[in-house]
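One structure is given below, encoded as structure tokens.
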Amino acid sequence: MDGSHSAALQLQQLPPTSSSSAMSEASFSYKENLIGALLAIFGHLVVSIALNLQKYCHIRLAGSKDPRAYFKTKTWWLGLFLMLLGELGVFASYAFAPLSLIVPLSAVSVIASAIIGIIFIKEKWKPKDFLRRYILSFVGCGLAVVGTYLLVTFAPNSREKMTGENVTRHLVSWPFLLYMLVEIILFCLLLYFYKEKNANNIVVILLLVALLGSMTVVTVKAVAGMLVLSIQGNLQLDYPIFYVMFVCMVATAVYQAAFLSQASQMYDSSLIASVGYILSTTIAITAGAIFYLDFIGEDVLHICMFALGCLIAFLGVFLITRNRKKAIPFEPYISMDAMPGMQNMHDKGMTVQPELKASFSYGALENNDNISEIYAPATLPVMQEEHGSRSASGVPYRVLEHTKKE
């Protein structure tokens, strides 16, 4: 009787043990998601601060009489260190959380850049004018924060370790091979229209960037996951797939940066940021869902809420970048022969080059063959000026003597 009673007790205790194991596994998966999300948010925030620090360093040197190069300043090196730290955090986040969660969190860098840009404004605004000018940025930041919260809350849970066997199995699976075939065909078509037909539309260029970026993030997750497992004691560096993924990661990142550079030469950076974020995030999530099977086993409600979070984050980023205005470039070197009324200034002995209280050091005046046929060379004061000198001469050049040729 005692033996049968104890066996019955053991049978009754088995179901709670299995359910508690499932609950602990889900809790551990959620903790890994949270660690990855926090690392990604921290990384994007630090990268945004680093970029603004380096930009501040360049602006400060351009507006002062400091002859030092930017790489000789502590501010620029601090920005470089923070950038490397932030990129390391983003890279490590892929080892803990699903790709579908980490990729949309790049909206954090857009939010941080908008806030930092407002804080570092030097002009004084009345509250009414300030709100009118930056209302879209505030609304966009709010929407992006709400979207980020939904992404973290309803993201798919990571259940699989990035071992060499798992990565190889995903790489040769027929869904991913079919996806790769479609992506290669689409990439070749877009590249043909871009190079041969001069299709310089921003959507074409950023689609090329997004297709390359999807492969970059897929390989980054594999490389980061295998490195973390190796650090934890489960060595994965002896698998050839690790080096295949590493080479693909570097190659796609380099070509992605090249296309982004070409896009920045033709379009405004705010437009590139908004359109590029939407396209890259959408294609990267699709690639992650196919390669790593991120949404397998997830219920419909979680998938719909995750998609809603993506849409809200897209709208927030669009509003933030929509509020930015194009910067008007300033050209320090002026072509004097293109200025109307130049001959009258010579005749009246007026100042040829006005005094400019700025850091830009003007070079010699440009020669004009048409004017030299009428006027003899002007006699200028004996002064020497070198490009990049510590300060520009405060004494304006004046025409001392001229004679007309008969």
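Just so it is clear, glycine is given a Cβ too, placed from its N, Cα and C backbone atoms.
The N-linked glycosylation site entry in Swiss-Prot, when matched to the candidates ASN166, ASN370, corresponds to ASN166. Here ASN166 (N-linked glycosylation site) comes close to GLU160: these same-chain residues lie at least six apart in sequence, with C-beta atoms under 8 angstroms from its C-beta. Three or more CB pairs closer than 8 A are found between the transmembrane segment (135-155) and the transmembrane segment (33-53), so contact between the two stretches is assigned (pairs 6 or more residues apart).
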